[in-house]
């Protein structure tokens, strides 16, 4: 199905404008004029976008990786309060992309949205740097075990800066990847192939920024102070903005298509109004604008599909419509493209849902995996390994494997499958889901062995580490890193490629929301496990003393849920029908 889609895309738009060297996907320059392929877009434009993303992620992770430490040491917050403030802020960072995406797809366009929210982000970073640098904007240091609390103005300044960053990140996150992919003409086979590589290198830059922040910035914050530790990422956020604006003349732009919520409601209302209307014998009789232009700005026409047939009634031309020539009221009559836009969203929803369970597995690397590492032997010779630092293996695996996947695996797979990207997006995502199950199985087996050693050495009722090296956790971290190469990148690529042209930022934002929902689902499952396993005075699966618990059973439970999720994914993906552009 994807191969037929690619053939249609290549055939489409073979017009005089293409022969003259213009793009065939409706791209424009900053002034709204058609753009030439040879001097716009492609990797030349993406180099600015990738550098922007790397700098922005460096700034973001420079804050997130040390925020709890700052809240506890400089604002004198307790463990619970600091953890609550961190999770609330992080959750906001992954929910605000919906706002930025709607603004981008509806009115502002991706370029303007990135520019406006980057400015908000930079101002927030600057305020945070000032707040952490001036002693008058912080509470007094701890004295005689008494920790003075910040006053209202100090709290207000700090959290204003923090949530300005969350809002800024929300506007940037869903738009940068989509804007980068916009630089490749999907009607050109070569550029379409490069688009798949772009998503690989986009995530490579994200993890490169994360690695640099987790090493360089954490070191600066710990040994040279918070002013410098936050000042450096502020500088890099400024560099990110500068890099983004430098490429303005060679970017390719797509028109925003108006409110997606309104279009969805119009299809639903029109189909309900015509629920008694009979379908025409020929689907060609369904309403669509003549010519190659779509009624939706920034979107190409979509071919009709036979799935979700009830919605097709919104495009049925009734006798009343013909008699009065009433073809301009979308609340009564919608085009086939508008109907298919809603169908695409509904078809993608089950695939989107399976991503939540995947990110529930990924959430373990910063929660249960760390708890597991805390009761293992952390001494390697004279060196002590902090459990939280093991996530570096996950990031390094990701960074090392992306070039291997892009330069070796894809070309080899292309020879066997004949597909431009080696695999379909769904095949790539499914591979990652399998790897995530293996990661949880690895964690469960290590924990089973750890508990066995604890029983043999009589350490069950003693809250001490077990003489088993913490390095046994490295394989599960590496498997999570590999899983993210396949599923995380495949998911973003899938939602961009399969979403309607005028909804690409929104669909990318929904892909990002699965990260947040995965964390919430992990907390929900953990709460259920705690409730059911601690009844009757039992210590439960995850007590304070893990030697008395059964953390291995918790890992097996996550493995089982992931296996069930994989089965659902395979069922949904086998029935999924890829988007087809109308010729």
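From the backbone N, Cα and C atoms, a Cβ is placed for every residue, glycine too.
TrEMBL assigns the feature transmembrane segment to one of the listed ranges (81-100, 181-200, 201-220), namely 201-220. Of the given residue ranges 226-246, 247-267, 268-288, 289-309, TrEMBL assigns the label transmembrane segment to 226-246.
Note on the transmembrane segment (226-246): residues 48-49, 51-56, 58-60, 62-63, 66, 70, 74, 114-115, 118-119, 121-122, 125-126, 128-129, 132-133, 213, 216-217, 220 of its chain, located 6 or more positions outside it, place their CB under 8 angstroms from a CB of the stretch.
Sequence-distant contacts of the transmembrane segment (383-405) (same chain, at least 6 residues past either end, Cβ-Cβ under 8 Å): 200-201, 203-204, 207-208, 210-211, 214-215, 365-366, 369-374, 376, 470-471, 473-474, 477-478, 480-482, 484-485, 489.
The stretch from 344-363, 466-486, 507-533 that makes the most Cβ contacts under 8 Å with the transmembrane segment (553-572) is 344-363. Under 8 Å from some Cβ of the transmembrane segment (155-180) lie the Cβ atoms of residues 46, 49-50, 52-53, 56, 60, 63, 75, 89, 92-101, 103-104, 110-111, 113-114, 116-128, 131, 137, 198-199, 202, 251, 492, 496, 504-506, 508-509, 512, all in the same chain and six or more residues away from its ends. Sequence-distant residue pairs (6 or more apart) of the transmembrane segment (507-533) and the transmembrane segment (344-363) include at least 3 whose Cβ atoms are under 8 Å, placing the two stretches in contact.
Under the criterion of 3 or more C-beta pairs below 8 Å, with sequence separation of 6 or more, the transmembrane segment (344-363) and the transmembrane segment (201-220) do not qualify as touching, having fewer than 3 such pairs.
Within its own chain, the transmembrane segment (466-486) has Cβ neighbours under 8 Å at 203, 358, 361-362, 364-365, 369, 372-373, 375-378, 380, 385, 387, 390-391, 393-398, 401-402, 405, 428-429, 431-433, 435-436, 438-440, 442-443, 446, 449-450, 453-454, 457, 459, 547, counting only residues six or more beyond its boundaries. The list of residues near the transmembrane segment (201-220) in space but at least 6 beyond its ends in sequence, with Cβ under 8 angstroms from a Cβ of it, reads 50-51, 53-62, 65-66, 176-177, 180, 228-229, 232-233, 391-392, 395-396, 398-399, 402-403, 406, 484-485, 488-489, 492.
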